[in-house]
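Colleague: Here's the feature list from TrEMBL:
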type    : residues                                                                                                               : note
BINDING : B:THR40, B:GLU114, B:GLU150, B:ASN303                                                                                  : substrate binding site
BINDING : B:ASN181, B:GLY182, B:SER183, B:LEU184, B:ARG207, B:ARG208, B:LEU272, B:GLY273, B:VAL274, B:SER301, B:VAL302, B:ASN303 : NADP(+) binding site
DOMAIN  : B:25-139                                                                                                               : domain 'Alcohol dehydrogenase-like N-terminal'
DOMAIN  : B:143-354                                                                                                              : domain 'Glucose dehydrogenase C-terminal'
There are 2 protein chains.
Amino acid sequence: MKAIAVERGADKPVVIEKPRPEPDAGEALVRTLRVGVDGTDHEVIAGGHGGFPEGEDHLVLGHEAVGVVVDPNGTELEEGDVVVPTVRRPPASGTNEYFEKNQPDMAPDGMYAERGIVGAHGFMSEYFTSPSDYLVRIPRSQADLGFLIEPISITEKAREHAYASRSAFDWNPSSALVLGNGSLGLLTLAMLRADDKGYENLYCLGRRDRPDPTIDIIERLGATYVDSRETPVEEVPNAHEGMDFIYEATGFPKHAIQSVQALAPNGVAALLGVPSDWKFEVDAGAFHREMVLHNKALVGSVNSHVRHFEAATVTFTKLPRWFLRELVTGVHPLSEFEAAFEDDDTTIKTAIEFGTV
Amino acid sequence: MKAIAVERGADKPVVIEKPRPEPDAGEALVRTLRVGVDGTDHEVIAGGHGGFPEGEDHLVLGHEAVGVVVDPNGTELEEGDVVVPTVRRPPASGTNEYFEKNQPDMAPDGMYAERGIVGAHGFMSEYFTSPSDYLVRIPRSQADLGFLIEPISITEKAREHAYASRSAFDWNPSSALVLGNGSLGLLTLAMLRADDKGYENLYCLGRRDRPDPTIDIIERLGATYVDSRETPVEEVPNAHEGMDFIYEATGFPKHAIQSVQALAPNGVAALLGVPSDWKFEVDAGAFHREMVLHNKALVGSVNSHVRHFEAATVTFTKLPRWFLRELVTGVHPLSEFEAAFEDDDTTIKTAIEFGTV
């Protein structure tokens, strides 16, 4: 079968031939439909993140997949089930308490592999196998855009943890700011528009000039575009209002620090980005004081697991169809896979199609 | 009646004469037993924190009080009830949503007065009045040390918010570090020793040479003393272990930032200190990355309200008698009140006695 992989020493993905995998006991065989591309894939290709499986000189890419079960292999799945695989798997050293407790998203470095990212092949191949416990059934109607379930699940988890941090009191957020207008930022903005909290005012921060398709989406979602070149994050309360909830999807450490000043009293910021070291001067006294006197919280969040994928399938149904059409700017056949890795100001979210239902 | 107040322009407290207050409708009259002294009182006296009631040139000090009801005045209280008053009250501008929701501890600046601190007289007087809703009944057996209920309530709230932030997953903390060996730090350490989480390893950070009475208490509680001059906060994981829970009671902004590196994966740090502005260089990239990749949380917490005082009366019963004896280094009669404001390395917690049950 064909697979898209990055090989040791290379800086771009290629199509390779691999044997079709055979499911082990407890695993199902899945025929791949589509696999999304995101920033993590670009970092893996550039060599800045992730790593090859033990003893191998290539890594099959892809962690945002949707497929159809072709061999349930005695698991509780059925042939024809449309499924989305989770990403974290036990490391080469074997399972551990995080997997046993069904919360591998809480495992620290070294206690997991991530398919398509670190230590395990991904899903950009015509077939893949997976333990059925890590395959989440989704409605057949979501098969076309099922590659969005994984990124939605990332926000489900971050939102769950952020809201949990505000659960000790009666919190009624009305304003939220998403930092970053990439595909994850826009997905999150649409999720917050549909959120049970009923946010009155939504904002999304970017650094793009008009006309721009992401600004169009932000405004069509009824949100306000905040240009970070005109309004730095810490100026947001003066320019607009203090934010009850902030979702950081830029990986820019100044945003992590400044979000505390941008929060309204009793607000929470969820941090999602993974920056490199960067030292700069911070008014840590003001940061600390503001955290305390206004009961603020910062919550870091990475990865997601089965229950977040399950929540994502419900959230998916609440996202407007026009939004999903505008968000996905390209679904490319395997023969033209390079196009899915191109990135310009008209590209928002791309996927590679390996097959159809 | 006599009261201890700080007058405009003065830098030390004095005894003044005031009329005994008359309870309004809904208020009870309380005869004061004892009032504790803490760092906030010293800041108020020094003029660095708080403020006088509108139109007045003095502020009666004291926010850690215990008293006995002498006139219930038609409220649900009874004569002879031993009570502890909460601290936050509606501001001069009147009540607001935070008081109406019974969570004034979540009110932002300007939406509250604090008795003995900002905008309202405190409890260092022979009698005080208070709406009965803000008087928490405590067991008569706790009357002697009832002035500790308020500081215990501060940690009850911070702990509640910190634990809430970890409630979205199965969190089993085994290690905790208290930053600061003042009276609040030591009270918190004793509370964590009695915590339902069953912490295996407790640590308390200070900067004192042995022999020192706080180090003796730390070690008698079965905790490890960490000298911050030898082991800076960010070195704690190398010297000891990563901490599942950190409680910051130093007001030192380097600790707020460094606590993220000192946390174990999935840990939470509660911030309690209120520092002034202080700019310095921070590796904000490492801070941000560590928050995200290890699902860490920072939670600021200030003040407390009725339910935290109620929890404190239960927690109080779990603290060892020897600990309380060692913690309270002086209870001084009103005639020698100055001694309660002296602070040296043998002083841990002091109180002023206005009367006995």
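Any Cβ shown, glycine's included, is placed from N, Cα and C.
Whatever TrEMBL says is automated annotation, not expert-curated.
Quick one: where do these features end up spatially?
Modeller: Annotation note: B:THR40 (substrate binding site) sits in a helical segment as assigned by DSSP. The Cβ neighbour count for B:THR40 (substrate binding site), using a 10 Å radius over every protein chain in view, is 20.
For the recorded site, B:LEU272 (NADP(+) binding site), the DSSP three-state label reads coil.
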Colleague: In sequence order, which residues at least six apart in the same chain have a CB under 8 Å from the CB of B:GLU114 (substrate binding site)?
Modeller: B:GLY50, B:HIS63, B:VAL87, B:ARG88, B:ARG89, B:ALA120, B:ASN303
Colleague: Given the binding-site residues B:ASN181, B:LEU272, B:VAL274, B:VAL302, which one's Cα is the least distant from that of B:GLU150 (substrate binding site)?
Modeller: B:VAL302
Colleague: Which of B:LEU272, B:VAL302 (the binding-site residues) has the most other Cβ atoms within 10 Å?
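Modeller: Of B:LEU272, B:VAL302, the one with the most crowded Cβ is B:LEU272.
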Colleague: Give the helix, strand or coil assignment DSSP yields for B:GLU114 (substrate binding site).
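Modeller: Assignment for B:GLU114 (substrate binding site) reads strand.
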Colleague: Near chain A, which of the binding-site residues B:THR40, B:ASN181, B:LEU272, B:VAL274, B:VAL302 can you find when the cut-off is a Cβ distance under 8 Å?
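Modeller: Near chain A, the qualifying binding-site residues are B:LEU272, B:VAL274, B:VAL302.
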Colleague: Could you put numbers on the helix, strand and coil content of the domain 'Alcohol dehydrogenase-like N-terminal' (B:25-139), residue by residue per DSSP?
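Modeller: Per-class counts: 18 helix, 44 strand, 53 coil.
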Colleague: Which of the three DSSP-derived classes (helix, strand, coil) applies to B:ASN181 (NADP(+) binding site)?
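Modeller: It is coil.
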Colleague: With the substrate site defined by B:THR40, B:GLU114, B:GLU150, B:ASN303, which remaining residues of that chain have Cβ atoms positioned within 8 Å of the Cβ centroid?
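Modeller: Filtered neighbour residues, in order: B:HIS63, B:VAL87, B:ARG88, B:GLY116, B:ILE117, B:ILE154, B:SER304.
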Colleague: Could you pull the average pLDDT for the domain 'Glucose dehydrogenase C-terminal' (B:143-354)?
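Modeller: Looking only at the domain 'Glucose dehydrogenase C-terminal' (B:143-354), pLDDT averages out to 98.
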